[in-house]
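Here it is, the structure in full.
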Amino acid sequence: MDVHTRWKARSALRPGAPLLPPLLLLLLWAPPPSRAAQPADLLKVLDFHNLPDGITKTTGFCATRRSSKGPDVAYRVTKDAQLSAPTKQLYPASAFPEDFSILTTVKAKKGSQAFLVSIYNEQGIQQIGLELGRSPVFLYEDHTGKPGPEDYPLFRGINLSDGKWHRIALSVHKKNVTLILDCKKKTTKFLDRSDHPMIDINGIIVFGTRILDEEVFEGDIQQLLFVSDHRAAYDYCEHYSPDCDTAVPDTPQSQDPNPDEYYTEGDGEGETYYYEYPYYEDPEDLGKEPTPSKKPVEAAKETTEVPEELTPTPTEAAPMPETSEGAGKEEDVGIGDYDYVPSEDYYTPSPYDDLTYGEGEENPDQPTDPGAGAEIPTSTADTSNSSNPAPPPGEGADDLEGEFTEETIRNLDENYYDPYYDPTSSPSEIGPGMPANQDTIYEGIGGPRGEKGQKGEPAIIEPGMLIEGPPGPEGPAGLPGPPGTMGPTGQVGDPGERGPPGRPGLPGADGLPGPPGTMLMLPFRFGGGGDAGSKGPMVSAQESQAQAILQQARLALRGPAGPMGLTGRPGPVGPPGSGGLKGEPGDVGPQGPRGVQGPPGPAGKPGRRGRAGSDGARGMPGQTGPKGDRGFDGLAGLPGEKGHRGDPGPSGPPGPPGDDGERGDDGEVGPRGLPGEPGPRGLLGPKGPPGPPGPPGVTGMDGQPGPKGNVGPQGEPGPPGQQGNPGAQGLPGPQGAIGPPGEKGPLGKPGLPGMPGADGPPGHPGKEGPPGEKGGQGPPGPQGPIGYPGPRGVKGADGIRGLKGTKGEKGEDGFPGFKGDMGIKGDRGEIGPPGPRGEDGPEGPKGRGGPNGDPGPLGPPGEKGKLGVPGLPGYPGRQGPKGSIGFPGFPGANGEKGGRGTPGKPGPRGQRGPTGPRGERGPRGITGKPGPKGNSGGDGPAGPPGERGPNGPQGPTGFPGPKGPPGPPGKDGLPGHPGQRGETGFQGKTGPPGPPGVVGPQGPTGETGPMGERGHPGPPGPPGEQGLPGLAGKEGTKGDPGPAGLPGKDGPPGLRGFPGDRGLPGPVGALGLKGNEGPPGPPGPAGSPGERGPAGAAGPIGIPGRPGPQGPPGPAGEKGAPGEKGPQGPAGRDGLQGPVGLPGPAGPVGPPGEDGDKGEIGEPGQKGSKGDKGEQGPPGPTGPQGPIGQPGPSGADGEPGPRGQQGLFGQKGDEGPRGFPGPPGPVGLQGLPGPPGEKGETGDVGQMGPPGPPGPRGPSGAPGADGPQGPPGGIGNPGAVGEKGEPGEAGEPGLPGEGGPPGPKGERGEKGESGPSGAAGPPGPKGPPGDDGPKGSPGPVGFPGDPGPPGEPGPAGQDGPPGDKGDDGEPGQTGSPGPTGEPGPSGPPGKRGPPGPAGPEGRQGEKGAKGEAGLEGPPGKTGPIGPQGAPGKPGPDGLRGIPGPVGEQGLPGSPGPDGPPGPMGPPGLPGLKGDSGPKGEKGHPGLIGLIGPPGEQGEKGDRGLPGPQGSSGPKGEQGITGPSGPIGPPGPPGLPGPPGPKGAKGSSGPTGPKGEAGHPGPPGPPGPPGEVIQPLPIQASRTRRNIDASQLLDDGNGENYVDYADGMEEIFGSLNSLKLEIEQMKRPLGTQQNPARTCKDLQLCHPDFPDGEYWVDPNQGCSRDSFKVYCNFTAGGSTCVFPDKKSEGARITSWPKENPGSWFSEFKRGKLLSYVDAEGNPVGVVQMTFLRLLSASAHQNVTYHCYQSVAWQDAATGSYDKALRFLGSNDEEMSYDNNPYIRALVDGCATKKGYQKTVLEIDTPKVEQVPIVDIMFNDFGEASQKFGFEVGPACFMG
């Protein structure tokens, strides 16, 4: 035992007192009680010294400490720390003590309020907690639930989070808890716990927080101890955390294993990890020099060097003075003069001596007098904290002198000494351990007791400074002195007995609602595991331990789960979990690198005989296999080619002589081929020509076995004999050994197809072979399943312009366009029912074009228009997005073979397809070369082996003999050629694994597997070279309107087209003069409507036409006065074709329209006089294409208008089907050369398409080099006046431009002659009704007018009669591909092939049961072949025979019965990915678990999310030039040049013949400069076209090179940025700058986006009011907002001051629930309104945590009277009785048993009800009832 204290003997006992040796023996031997109070160091349990995540080392309480080299070590704890451990690690072998101390040295972050430590029971209820901060709380709840939360001890007026170090000691004793702060401030509180409280140690301890608390302890900590003794708290500053001028006791302060931190000398430095205190000393060690235990004690020798100091000095029994705050000096009073003097190096007194801590049973009311000499030292007596009473009156020192007996000591503390005192101890036993001068203690004669002297002044004794004088003579006994002055006040004693309970205090005010809990993550670390590629961690001790800890933690933390919480802070990486259940098959991964050759798998059971397979490629020679046992002799094979002469083998036993065979032809000497797998037994072949005499043949079956001869001596090898005839067929011998492979022979003829072999395991992927030559185009395969859409491809070259297609059905709503500048946003009106047709009003004055209004509601679809004349080719638009896949075109002619492409990467292995039909019989293969002869086995004992003769040729095949008895199983033979796939056989026994074969050459391409799962999009490939023109695409969607062009001059009136669909009513023109009635012209067929011309002057008012049939009901009411001119509305969609009314009155003569589509030449109409030029009206929307009109009367020529500005590019539409060829168009302007495209890969040459219609002859350009297309040139000079061109080909209707500014009103023209009716222009916007004009004279009957647009919604009219059924609509667009279906069932077998020649054998029967082995009969002579017998019952499988020739293909057998299930096969290929299940609700945060051990390496993770799009790849190599295609149609006209002066009118010339396609002309003059929209310099520099002059020269004419102007870069940059902006408008990214409207919208644009947080802007417009939401794409694209922190719920409590049936907002701690976005910002009302408008349904979860409280159904009564009620956002109350959209996902509270939870889901189409804003609780208020709740996010589904 270490000696850690020094004794100075200044005895107050009288010399000769006899009881001291027994007393000392008792005191020195008594094991102190604190052995049972070993401190439990929580910092060690939590592994602080290994610095887990969030823990770092820092300087502790003392920056310098006496006798230490460096400062104290503490640990800094940050928010990232997540530390927990099972409580049993603190108390592994005992229960948690009833009375205990918590000791800690800590510096909390200033202003923080968090729990330092929390202990939970197995159910997850907190039992003990210490909260640091202002007014710290000691949380304690025993097994009975006492005290309640309102009775937790609260230490007011104390601030533990002031940023300073504090030494905190908490003593829990009986029903009191005492907090001792910094060794001086002591506060005791009542702890209302049960008499025998129990703390469950089956839970966990959590450091630094509470489960679900958001507050986390932050600061520095040096010590955290639990001591199973309540008295330890009073000694904290002496024994555990002394002041800085005191050496550290033999205890590490925070379990730091660094030996240099505290102790720097001795053998055992740094070894103490648990506190070990020397509570008693061994008597044998007394007086000896101390032995160092954990560190040396240099001053220990002083203990034996004080012999002269032992003279008793009674006056020195006064205590040493107290030093402030226990500053490292012990104020110990010894009994007599045994004073405790602390060593300089060690400071390890016994912390809890029973004499020091007497409970005061003898005299509890006496004041404490430390100097009264009433204390008896045990190893050291510490009175600085003692609470001992003084002896009772009359029992002072005299009593001690005479009665210092064993009984006296016992009486001082009966509870303590009895168990330890040994009555057998004798004084003699103490001798060896006492100091040398111990006899002086007993010398002298006791005189009478003197008076007690005055109390002396306290001595100031510093350690090591005490100088002792010589002992003085003993004075006479004095009279009893007067009472001494009151000694210094002792430190506060232990708490006394529990007093009577005080009156209950007033209930405290409810605290503020706690913040929502964070999601605690189990901080497991995942360590390394098995080798890469292993399936998962092997089950290990670590894993089972982790499972046990997890299970324990789950039990410890099982509590009511909350609703979906916010994502918690990521925890540290934890250890791996236990192996999970096997997951769903993952997606097929990409082709991995070639793996290491795996071990051979076990052989499967033999399968049924399969069908014959096609010939496999000749394999490489196999390795030599082990020698097999001898098999039975097989049947003789067909004669083989002559082999090389073999080496002489060991002599075998002589066989019976064979018959001489005829000599056969010599075969070619070939190398040995690989033996094949056994094929099916073939037919008997024709007898071959006689072979040359062979060597002795194998034993035949014909002869009877001869008598066994004696073993002869071994003969010398004889010369090779003549080749004999093949011997008779012998019994099958044992299988011979496989010989070494021979040299490779010439390739044989293809053999007959063998039966298909069993499916082998998939081989390792071979290296990629060189790319093969591209094969010719095969016949089209069957339609495969629709694949997933591929990644967006590079834009293809412009295809041949097709003819105008028929009008498609209404497309899906496009993305919202730019928000228009003009127009007030009108409310969207519903489409009213059509009113009755009103009378035609007079034409009013033309109104000015108003600004475009917002788009109106969609009108009903119009009838399908007739096919119109093809329009003129439009200008090339900007590159649009790739159109959807068109319908497949007609196959063209076969193209030439393309160049060799680069090999593609192997695709993922497809699923196994169904078994195909059985193939026809293949050609007969050549007979394989016989293998080497095996060693002869002897049926009898082997004779001397003879020399091996040369191999003879194989004889002809004999007839099959009778089936022999089954022989012993042979060893595995070499693998044969692969046969065709056989039917699945019965499971064979597992054979030994064969050696791996070499990789064979690449086999033929297999059948196309089913479509694999959609892969992640690869990086975009390099653009391919321009392929052949593709088929015409569908018509593109309508582009955005271009900027308003300048008003054009009037064109000549077009031919009258057919009436178009009814357009919007045009503006009412001003009243015109009445014109003369013109003679009615011959009615021409209606032409297609031309573009709207300028409005003409008002014509005369015609007479009213005959009443038309009843039109759709119009707005009722009288005609109003003229209203103010409204803004021009946008073009509506085409309306339904209304019935054609009777001709109305003739309208005013319209202005000449622009050139209409050219109709076929009709009869000339009467020429009208030229009309006055009218005002230019705004162009109306283009009507649907009308049918090709018959030639109408020709109109008068109008003035050509000025050219308008070019509109914005529209998106490229899907190309429509090819139209009819139009007449040749005019020669277009030479287009500007475009920029050179990137070189694309050579496409496969497509089939030759049909030649396009002949285009008009283009101008012959100067033969230039095929240079890269240049940028648009600058504006050129106006050209000379050209002659009038020929009528051009009708182009597709152009995009409607925005309304141009109204032109100046023209002068009223003279009255013109009555002209022919002009073509109906597109309807203009509805103008205000004009005043009634004077009634005109009847005009000619006009053509039926265009149908007007739907009028403004009027009051509902009477229901009209039902209309006729409309024409069937056109087929819709191709839907998006559906998911890949499961593999279909096996198809039926193909058609049966032509019958083959009848085979001699029937088809193989089913495998029969194994027959009994028959007795072996003597082999008979081979008989003649008999007639074919009926198939016998199947015998047992014989041994493998020599492969026979392949037989004819038999008919397919009927399927056999299902075999027994085989053993588990290897894992199948991954199945198709299942449909995504609906995303579950976000789970409630789990409780914190324990840190487990690191696990094995986990399985390879799933494929990650697609990476960002890669940059464009390098330009590909030039492909092989394809064959020239047919001459394409003319390209589109170039960009328009500046308008030239008006040319003279030319006459129409005849159509010329189609010219050859000319070479590209020189670049046209530059076009007008466009507006520069903030060019992006990066893009500008990126889009700079650098043209290498050498390229141009290489290509030919260099003079075509045009130097770009500097401004072109800006134009290209602007175009590029515009393109990006438009792309982002169409496909928002969900960022703050580019938000989507809803998550559903985002999912539609980006189906691959993962769940997460994205920005949305439901009201669109400026994105500054966008907000971040959680997008749950897994659940279909729902948009989720979250309750704010204070609305997330409330902790479970009893709510004593609240009334049932009240709303939560009425609670004292309640409020209305409010919601925020994912960044915590409130969501605006307008945005929520729009979000609801964009949503079809919404859902939200509420979790109710209960303790004996009902949330929904009351299971006892079956009623819902106490169900929660919710207040929706629309102030609607919702509960079980009035809302069917609420359902309970979990209703654990219905039973009212213990802690449970109920999860309610509100999933409603009434989106205005969600989110909920208040909750009414109805079942609480009783003493045992508690509840809490959590509110989940509100998610809206579009």
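Using the three backbone atoms N, Cα and C, a Cβ is placed for every residue, glycine included.
Sharing the record's features from Swiss-Prot:
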- 1-37: signal peptide (SIGNAL)
- TYR234: sulfotyrosine (MOD_RES)
- TYR236: sulfotyrosine (MOD_RES)
- TYR240: sulfotyrosine (MOD_RES)
- 242-269: region 'Disordered' (REGION)
- 258-269: compositional bias 'Acidic residues' (COMPBIAS)
- TYR262: sulfotyrosine (MOD_RES)
- TYR263: sulfotyrosine (MOD_RES)
- 281-457: region 'Disordered' (REGION)
- 285-304: compositional bias 'Basic and acidic residues' (COMPBIAS)
- TYR338: sulfotyrosine (MOD_RES)
- TYR340: sulfotyrosine (MOD_RES)
- TYR346: sulfotyrosine (MOD_RES)
- 396-406: compositional bias 'Acidic residues' (COMPBIAS)
- TYR416: sulfotyrosine (MOD_RES)
- TYR417: sulfotyrosine (MOD_RES)
- TYR420: sulfotyrosine (MOD_RES)
- 444-558: region 'Interrupted collagenous region' (REGION)
- 470-520: region 'Disordered' (REGION)
- 526-545: region 'Disordered' (REGION)
- 559-1574: region 'Disordered' (REGION)
- 559-1570: region 'Triple-helical region' (REGION)
- 587-597: compositional bias 'Low complexity' (COMPBIAS)
- LYS627: 5-hydroxylysine (MOD_RES)
- LYS642: 5-hydroxylysine (MOD_RES)
- 671-686: compositional bias 'Low complexity' (COMPBIAS)
- LYS687: 5-hydroxylysine (MOD_RES)
- LYS708: 5-hydroxylysine (MOD_RES)
- 722-741: compositional bias 'Low complexity' (COMPBIAS)
- LYS744: 5-hydroxylysine (MOD_RES)
- 747-756: compositional bias 'Low complexity' (COMPBIAS)
- LYS774: 5-hydroxylysine (MOD_RES)
- LYS804: 5-hydroxylysine (MOD_RES)
- LYS807: 5-hydroxylysine (MOD_RES)
- LYS810: 5-hydroxylysine (MOD_RES)
- LYS819: 5-hydroxylysine (MOD_RES)
- LYS864: 5-hydroxylysine (MOD_RES)
- LYS897: 5-hydroxylysine (MOD_RES)
- 1106-1115: compositional bias 'Pro residues' (COMPBIAS)
- 1116-1140: compositional bias 'Low complexity' (COMPBIAS)
- 1259-1268: compositional bias 'Low complexity' (COMPBIAS)
- 1380-1398: compositional bias 'Pro residues' (COMPBIAS)
- 1560-1569: compositional bias 'Pro residues' (COMPBIAS)
- TYR1601: sulfotyrosine (MOD_RES)
- CYS1639-CYS1671: disulfide bond (DISULFID)
- CYS1680-CYS1835: disulfide bond (DISULFID)
- CYS1746-CYS1789: disulfide bond (DISULFID)
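Mind mapping these onto the model and telling me what they sit next to?
Cβ neighbours within 10 Å of TYR234 (sulfotyrosine), excluding its own Cβ and spanning all shown chains: 31. In the three-state DSSP assignment, the secondary structure recorded for TYR234 (sulfotyrosine) is helix.
TYR236 (sulfotyrosine) has a Cβ environment of 29 other Cβ atoms inside 10 Å.
Summarising the environment of TYR240 (sulfotyrosine), the number of other Cβ atoms within 10 Å of its Cβ, over all protein chains shown, is 25.
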Indicate the candidate from CYS1639, CYS1671, CYS1680, CYS1746 with the smallest number of other Cβ atoms within 10 Å of its Cβ, considering only these disulfide-bonded residues.
CYS1680
How big is the gap, in Å, between the Cα of CYS1789 (disulfide bond) and that of CYS1680 (disulfide bond), rounded to a whole number?
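CYS1680 (disulfide bond) has its Cα 27 Å from the Cα of CYS1789 (disulfide bond).
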Taking DSSP as the reference, which of helix, strand or coil describes CYS1835 (disulfide bond)?
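Where CYS1835 (disulfide bond) sits, the three-state DSSP reduction gives strand.
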Of all the recorded positions given, namely TYR234, TYR236, CYS1639, CYS1671, CYS1680, which is spatially nearest to LYS627 (5-hydroxylysine) at the Cα level?
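Smallest Cα separation from LYS627 (5-hydroxylysine) among TYR234, TYR236, CYS1639, CYS1671, CYS1680: CYS1671.
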Give me the non-local Cβ neighbours of CYS1835 (disulfide bond): same chain, 6+ apart in sequence, Cβ-Cβ under 8 Å, ordered along the sequence.
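In sequence order, the residues whose Cβ lies under 8 Å from that of CYS1835 (disulfide bond) (at least 6 apart) are ASN1672, ALA1675, SER1678, THR1679, CYS1680, ALA1738, HIS1739, GLN1740.
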So for LYS627 (5-hydroxylysine), how many other CB atoms are inside 10 Å of its CB?
14
Within the region 'Interrupted collagenous region' (444-558), what mean pLDDT does the predicted structure show?
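Residues in the region 'Interrupted collagenous region' (444-558) carry a mean pLDDT of 52 in this prediction.
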Give me the CA-CA distance between TYR236 (sulfotyrosine) and CYS1671 (disulfide bond), in Å, as a whole number.
55
In angstrom units, rounded to an integer, how far apart are the Cα atoms of CYS1746 (disulfide bond) and CYS1671 (disulfide bond)?
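Pair distance, Cα basis, whole Å: 31 Å.
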Determine, from DSSP, whether CYS1680 (disulfide bond) sits in helix, strand or coil.
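The residue in question, CYS1680 (disulfide bond), is strand (DSSP, three-state).
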Whole-number answer please: how many Å between the C-alpha atoms of CYS1671 (disulfide bond) and TYR240 (sulfotyrosine)?
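Roughly 55 Å, rounded to the nearest whole number.
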Roughly how many Å separate the Cα of TYR234 (sulfotyrosine) from that of TYR240 (sulfotyrosine), to the nearest whole number?
11
If H, G and I count as helix, E and B as strand, and all else as coil, what does DSSP give for LYS627 (5-hydroxylysine)?
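DSSP call for LYS627 (5-hydroxylysine): coil, neither helix nor strand.
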Applying a 10 Å Cβ distance cut-off over all chains shown, what neighbour count does CYS1789 (disulfide bond) have?
30
